[in-house]
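Step one of this worksheet: look at the structure below.
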């Protein structure tokens with residue numbers, strides 16, 4: 001039977017052919033994965049969520065449609081780590097979905113949209129994500145098709161609160177450096193220093209190093225005192241810290257140093273004076289206690305009046321009268337006596353002389369004119385004992 005073009009029989013055959021091709025899997029179908037334009041590289045902020053969009057079509061379909069009844073989908077999402085390692089993020093095999101924490105499919109299966117949702121992002125979630133799709137006909141393996149595609153995800157981190165510090169001594173005329181550094185930031189933070197009101201001021205290079213976060217202040221003055229604020233920022237956030245600069249004139253330190261030096265000098269002088277005093281006192285004591293070998297014997301002085309007494313312990317008392325006996329003018333009378341002074345009237349008692357307790361010294365008779373001892377006693381003379389000095393220098 002031959003049918004002419006455009007006849008009703010031709011139309012019926014064409015309808016039946018199209019219906020069979022729709023219900024039956026193609027023998028050599030092609031699978032293609034699609035990504036919206038401009039979304040092959042994605043950025044997200046740490047702690048937020050992101051969707052990696054992806055869907056597939058068969059045999060040049062323009063848009064995604066519902067999967068055919070004969071389609072059996074096998075879906076895998078991987079994160080490519082360093083050194084070529086692959087970490088499985090999500091899998092959907094034989095209708096069962098499993099995933100790591102925070103990962104899920106945007107659309108429930110069955111669906112040709114295989115987009116991946118990631119929640120609670122961390123910096124380590126950055127990297128290339130590989131989507132692998134396998135579609136197999138339910139009748140056999142000969143209709144299996146496969147395709148894969150990669151998306152790039154970059155998780156950005158706002159700057160962590162920086163720490164501010166001061167290097168140098170803030171005195172008038174000196175130089176100091178204000179430092180600021182954030183311990184964590186992606187991308188690397190940029191830094192800006194400002195001075196807070198009432199003396200607001202914004203700093204720029206060369207005083208400011210925006211990469212290292214340092215601010216150089218030279219030739220300080222009192223007017224430069226105040227609160228300085230450092231702001232660390234990148235494209236996804238910012239954080240700040242501050243440091244207080246108090247410029248001093250330095251007088252306080254000078255006064256303290258002067259007081260310390262003065263105290264030390266005073267203590268040194270006092271120690272020297274004490275040492276000199278002790279040396280002088282020792283030098284004065286040594287000659288007084290020494291009796292020299294070449295010492296001259298005491299001279300004989302006129303005898304004082306009879307007010308001299310002998311102490312109870314046998315030693316000679318000091319002379320209480322300064323008047324000396326004088327002989328009458330002219331020729332001395334027979335029996336006249338020239339008295340000799342006591343030893344205590346000339347020589348001070350020496351601590352080195354032995355005591356003569358209980359022993360009566362033998363009086364020395366000095367009678368140049370032949371006067372008897374009884375006459376001398378009536379005249380008020382006192383017998384004395386004059387110590388003699390040996391050749392060795394000791395008193396006998």
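Note that Cβ sites are derived from N, Cα and C of the backbone, with glycine treated the same way.
Features of the protein shown, as given by TrEMBL:
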- 308-321: compositional bias 'Polar residues' (COMPBIAS)
- 37-152: domain 'Ig-like' (DOMAIN)
- 158-248: domain 'Ig-like' (DOMAIN)
- 298-374: region 'Disordered' (REGION)
- 1-29: signal peptide (SIGNAL)
- 255-277: transmembrane segment (TRANSMEM)
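In terms of DSSP secondary structure, the domain 'Ig-like' (158-248) contains 3 helix, 46 strand, 42 coil. Look at the domain 'Ig-like' (37-152): DSSP puts its residues at 9 helix, 60 strand, 47 coil.
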